[in-house]
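Student: Before we start, here is the structure in question, set down as structure tokens.
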């Protein structure tokens, strides 16, 4: 492959050197900030053998090339343009300028929660393993594994502690990540999180039970002002708002406190004032809002049943195209942290249905495509990848390009999601939203069985609808 020629052709299709403001690359994609995306020649890019697909998200225009090749093409781009590679964070910052306020808000949530996902995934998957060990009826009739094989009980207890830690101490993770994102000191953010989950406080999990039972809530009395001594274990919204206040106060103090006293007074005053504000006003208010949000979404999912699942499943892929799905991470984290009352997250199973359907549609396109060997090759690899939870190549490289597979995919996603919602399948962990996602699913009410059946439904419907649409005259000769 002539990488120099490929780079020249890509640059020309992007609108020329003057249209590129910043550029970098990841493992598989060129990531660019363009002055005017309207100048991009999508057809020319699609005709290039080296390009597997393109899409625009988060203020960035991304060109899918593939592992092992993208770095070589990018190296030639650097030589041609004379521009050095920007860091990924610099490209993200530059791309943010092209976003509207809502897109910036979604990106903010993504920036905060994506770094802590590994901890949430680890805790959630360990929770799944613990459920396998402790749930009755999996290995023995009406009995759990640890009831029959008592030697596993110690292991189950240990895993249960490991699993609960990331959720119970979630404010510490959020505090660190959010403070960093808001321009404050990340360690002060973590310290604030530690304060909100201090063991001397009444646990956030015990607080609703105490209210329901009419028990007295412990409180501080500050000059006649009673402040509840209640923790914020597993809480998302209170910690987000509190950390924003902390970072704002910290940055303000650093502007007015003399340098010689900065390291002494700024942390002291920032933590003291934010802690007081949080326990007095912000915490109780945002805790209530958080309960309303998670309870409201859970009620909609359970009340809406199959119809609600159908609508969400139909809309999920279009939401992904806009990038708004990143905002779901915060909601999912709260739903899973409150799984004792919510039962877990309904978003993960529906995301899986969308991914499976995108993969099925891409595989259907593989069998339909006759002339375009390049697209046929992309469809086969992308289809398998989507079944395993990675949908970008399938969605942007095949299904949206041909249009009718995307229609088939959203129909399959809708039907599969309707089944999921009807049987109230939920996830107790974040993980890979695809075939490997079984371990993230709650085993209650035959959740694993219904999850598997729903994936089969989504696959068959998406594959079948895509194949049927290919015979329609308006789509018959489309091989972009």
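Including glycine, each Cβ sits where the backbone N, Cα and C put it.
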Student: Checking feature assignment: transmembrane segment per Swiss-Prot, candidates 74-94, 137-157, 158-178. Which range matches?
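Tutor: Going through 74-94, 137-157, 158-178 one by one, Swiss-Prot gives transmembrane segment for 158-178.
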Student: With Swiss-Prot as the source, identify the stretch among 328-348, 349-369 annotated transmembrane segment.
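Tutor: When 328-348, 349-369 are checked in Swiss-Prot, transmembrane segment belongs to 349-369.
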Student: Residues of the same chain, at least six outside the transmembrane segment (182-202), with any C-beta under 8 angstroms of its C-beta?
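Tutor: Residues packing against the transmembrane segment (182-202) from afar: 168-169, 171-176, 210, 217-218, 228-233, 235, 238-239, 242-244, 246-248, 250-251, 267, 270-271, 274-275, 278, 283.
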Student: Who are the chain neighbours of the transmembrane segment (264-284) in space, where the CB to CB distance is under 8 Å and they lie at least 6 residues beyond its ends?
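Tutor: Beyond its ends, the transmembrane segment (264-284) has Cβ neighbours at 184-185, 188, 191-192, 195-196, 220, 225, 227-228, 230, 232, 238, 241-242, 245-246, 249-250, 253-254, 257.
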Student: In terms of Cβ proximity under 8 Å, which residues at least six beyond the ends of the transmembrane segment (449-469) contact it?
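Tutor: Those are 349, 352-353, 356-361, 363-365, 367-368, 387, 404-405, 407-409, 411-413, 415-417, 419-420, 423, 425, 435, 437-438, 441, 475, in sequence order.
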Student: Counting each residue once, how many in the domain 'PTS EIIB type-1' (4-87) are helix, strand and coil under DSSP?
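Tutor: Residue counts for the domain 'PTS EIIB type-1' (4-87) by secondary structure: 34 helix, 22 strand, 28 coil.
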